[in-house]
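Novice: Positions annotated as transmembrane segment by TrEMBL: 42-62, 82-102, 109-128, 134-158, 170-189, 201-221, 271-292, 320-341, 353-373, 379-404, 416-439, 459-482. The feature domain 'Major facilitator superfamily (MFS) profile' is assigned by TrEMBL to 44-483.
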C-alpha cells in the first residue's frame with residue numbers, strides 16, 4: 001500500500017477524538033453521481049468542514065480560559081483537570097451509540113440534533129453561577145455527548161459522497177480542521193475574555209456559529225445520501241463495526257466472530273505496539289492541551305513578568321499564543337509526516353514506525369527542555385513547546401497508515417474501533433486529571449506559595465516527557481514486527 005499523500009487520521013487528541021476511515025482494496029466504489037462528485041457534493045463537504053471546525057473550537061474553549069474558570073469556581077488543580085476528563089469520557093462512551101444509530105437511521109437528522117444540542121448546552125453553561133460548579137461539570141459532559149454525535153457520523157457522509165482518490169483528500173481536509181479548530185478555540189476564548197473582560201462570553205460565540213451550521217445543514221445537505229456498497233468500504237465509527245454485504249460474484253471470505261477478530265488482533269504485534277504508541281501520543285496531547293496556558297502563566301508569575309491574577313479578569317495572551325502554535329504545528333506536522341513517510345518508505349520498509357519513534361523521542365526531549373527552561377526563559381519555553389507539538393503532529397497520519405496495511409481488510413473496522421477506544425481510555429481521558437491530582441499532592445506537602453504552585457505543575461508535567469519516551473519505545477518495537485505482519489495481512 002503506497003501512501004501518496006495525506007491519510008485521514010483520528011484526532012488527538014480524539015485523536016483524538018472522532019472517526020477514522022479505513023480503505024479496503026477490494027474493488028472500486030460505486031459512484032454516487034455517476035460522473036464523479038457534483039458541485040453539490042463539495043458544498044455538502046464544505047458545510048461538514050465548517051461544522052467540524054466549530055466542533056473542535058467548542059472542545060478547547062475551557063483550556064483557553066482555564067485560569068478564569070478555576071478562579072471563578074474556586075477549583076483545585078485536580079478538579080480543574082477533571083473538567084476535560086469528564087468531557088472526553090462522555091464523548092468516548094457516547095460515540096459507539098451514535099455510530100450504531102448512524103448506521104440505521106437518518107444521518108442528517110442525527111447531525112442536526114447533535115449540533116443543536118451541543119450549541120444549546122454551551123450557551124446555557126455561560127449563565128451558571130459560581131456556587132453551581134457541578135452543573136458546569138455536567139454541561140461539559142453533555143457537550144461531549146453532542147460532539148460525539150457529529151464526529152462519528154460526518155466522516156461517513158464524506159466517504160459516501162466521494163470515490164477512493166477524492167475521498168482520501170476530502171477526509172484529510174476534514175481532519176486538518178481538528179488542529180485548526182482546536183487552536184481557534186484557544187484564540188476565541190482568550191480573545192473574548194480579553195475584549196469583554198468576562199470569560200462567560202467565550203461560551204456565547206460558538207453557539208451562534210453552530211446556529212449558522214445548522215441552517216446550512218438544513219438547506220444544503222440532502223435528506224438522504226446514497227450509501228456506497230458496504231462490500232467496498234470498512235469505516236470505523238468509534239466502535240461501530242460495519243459488516244460488508246458482498247456483491248454477487250465476489251468470493252466470500254470466511255466469516256469470523258467479533259471475539260475471533262479481537263484475539264487475532266491481539267496476536268498482531270505491529271497493531272498492538274503501534275496502538276500503545278498512539279495511546280502515549282494521546283496522553284501527552286491531552287495533558288498539554290489542558291494545562292500549558294496555565295503552566296506558562298505560573299512561570300511568568302515566578303519570573304515577575306506578570307503580577308498574580310487575584311480578582312480582575314486574567315490576561316489570556318498565553319492562550320492566544322498557544323492557540324496559534326497549535327494551528328500552525330498541527331497543519332505542518334500532518335503534512336510533513338505524510339510526505340516523510342511517502343519518501344522514506346521507498347528506501348526502508350520499516351520507515352513508518354521508525355518515523356513515529358524518532359518523532360516521539362524528539363518531542364519528549366523538546367517538552368522536557370521546555371519544562372526545565374520555563375522558570376528562567378519564557379520565549380525558549382514557547383519555542384520548545386512548539387517543536388514538541390510539531391513532532392507529535394507528525395505521527396497522526398502515519399499511525400493510521402500503519403494500521404491499514406498490517407491488518408487484513410475484513411478486520412480493519414474492528415482494529416480502528418479498538419485503537420480509538422484504547423487511545424482515549426488510557427490516553428487523553430485521564431491525563432489532564434492525573435496531572436492535576438499530582439500537582440495537588442505536591443502542593444499539599446509544601447507551603448502555599450506562587451513558587452510551589454509553579455513547581456508542582458512543572459514536576460507533574462514531567463510525567464508527559466516520560467510517557468513520550470515510552471511511546472517512542474512502543475513504535476520501535478513495532479518496527480521489529482511490521483514487515484512480517486504486513487506480509488501476513490497481504491496474504
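Using N, Cα and C of the backbone, Cβ positions are placed for all residues, glycine too.
Note that TrEMBL annotation is computational and uncurated.
Mind mapping these onto the model and telling me what they sit next to?
Specialist: Residues 11, 17, 69, 83-84, 87, 111, 115, 118, 122, 140, 143, 147, 150-151, 154, 157-158, 161-162, 170, 173-174, 177-178, 180-186, 188-189, 202-203, 206, 209-210, 213, 216-217, 220-222, 225, 289, 323 of the same chain lie 6+ residues outside the transmembrane segment (42-62) yet bring a C-beta within less than 8 angstroms of a C-beta in it.
Remote same-chain residues near the transmembrane segment (109-128) are listed as 51, 55, 58, 61, 98, 101-102, 135-136, 139-140, 142-143, 145-150, 153-154, 157, 200-204, 206-207, 210-211, 213-214, 217-218, 221 (criterion: CB distance under 8 Å, separation of at least six residues from the stretch ends).
Sequence-distant contacts of the transmembrane segment (271-292) (same chain, six or more residues past either end, CB-CB distance under 8 Å): 12-16, 60, 63, 66, 81, 84, 88, 182, 265, 318, 322, 326, 353, 356-357, 360, 363-364, 367, 385, 388-389, 392, 395-396, 399, 402-403, 406-407, 415, 418-419, 422-424, 426-432, 434-436, 457, 461, 463-464, 467-468, 470-472, 474-475, 477-478, 481, 485.
Below 8 angstroms of C-beta separation, residues 3, 5-7, 9, 60, 64, 172, 175-176, 178-180, 182-187, 190-191, 194, 289, 292-293, 296, 351-352, 355, 359, 382, 385-386, 389-398, 401 of the same chain, each at least six residues beyond the ends of the transmembrane segment (320-341), sit close to that stretch.
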Novice: Within the same chain, where does the transmembrane segment (82-102) have neighbours whose Cβ lies under 8 angstroms from its own Cβ atoms, ignoring anything closer than 6 residues to its ends? I mean 6 or more beyond.
Specialist: 17, 19, 59, 62-63, 69, 75, 110, 114, 136-137, 140-145, 147-149, 151-153, 156, 237-240, 286, 289-290, 417, 420-421, 424-425, 428-430, 432-433, 436
Novice: Sequence-remote contacts (6 or more beyond its ends) of the transmembrane segment (459-482), Cβ cut-off under 8 Å?
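Specialist: Residues 269-270, 273-274, 276-277, 279-281, 283-284, 287-288, 291, 295, 349-350, 352-354, 356-358, 360-361, 363-365, 367-368, 371, 402, 406, 431, 434-436, 438-439, 442 contact the transmembrane segment (459-482) from elsewhere in the chain.
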Novice: Using Cβ atoms and a strict cutoff of less than 8 Å, what residues sit near the transmembrane segment (353-373) while being 6 or more residues removed from its termini?
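Specialist: For the transmembrane segment (353-373), the nonlocal Cβ contacts are 270, 274, 277, 280-281, 284, 288, 337, 340-341, 344, 380-381, 384-385, 387-392, 394-395, 398-399, 402, 458, 461-462, 464-469, 471-473, 475-476, 478-479, 482.
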